[in-house]
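Engineer: Quick one: the structure is below, questions incoming.
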């Protein structure tokens, strides 16, 4: 049985036409579907709202995926040398906005120099699945102007464990808590 559609030309907007289902659609017992009315503007608004909801959902999801417990704070307009090493697995520290990809190999120290000329927050991830829970290792980097960085430096200072020799090789990792936000 074909579905009959009744067009309502008495709509206030000139470019839209209301559509009312006047016959039984696919579900016979559903009175709500029988009495549905659509016009182009309300349909467009509905699509627009759903699109905004999906965009907001994806932004919220991406924020959750990039959330970190600590933030590395660095100054801008300064050459920064990063010395990295690993004890157990190969790591690949990747921040695409800065063009930085640093590979850490177990038992070796790698040196990388980079320069940040713009202030802001930068996000990255571990670029390789290199061990347990490394499929999602977010990185948050805060680049501050040099004057603001000096104020931050005076407030937080260097971690005490950087100046002491540690018998436990993993103790220095926990010493960086004060250095990061």
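Just so you know, glycine gets a Cβ as well, placed from its N, Cα and C.
According to Swiss-Prot, the feature Cu cation A1 binding site maps to 126, 130, 137, an assignment based on similarity to another entry. The annotation Cu cation A2 binding site is assigned in Swiss-Prot to 126, 128, 130, 134 on the grounds of similarity to another entry. The Mg(2+) binding site annotation in Swiss-Prot covers 128.
Quick one: where do these features end up spatially?
Structural biologist: For residue 130 (Cu cation A1 binding site), the same-chain residues lying six or more positions away in sequence with a CB closer than 8 A to its CB are 89, 90, 91, 92. A coil conformation is recorded for residue 130 (Cu cation A1 binding site) in the three-state DSSP classification, outside any helix or strand.
Residue density at residue 126 (Cu cation A1 binding site): 21 other Cβ atoms are found within 10 A of its Cβ, drawing on all protein chains shown.
Its Cβ placed at the centre, residue 128 (Cu cation A2 binding site) has 15 other Cβ atoms within 10 Å.
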Engineer: Around residue 137 (Cu cation A1 binding site), how many other CB atoms lie within 10 A of its CB?
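Structural biologist: Looking across every protein chain shown, the total is 19.
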Engineer: Between residue 137 (Cu cation A1 binding site) and residue 128 (Cu cation A2 binding site), what C-alpha distance do you get in Å?
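Structural biologist: That comes out at 10 Å between the alpha carbons.
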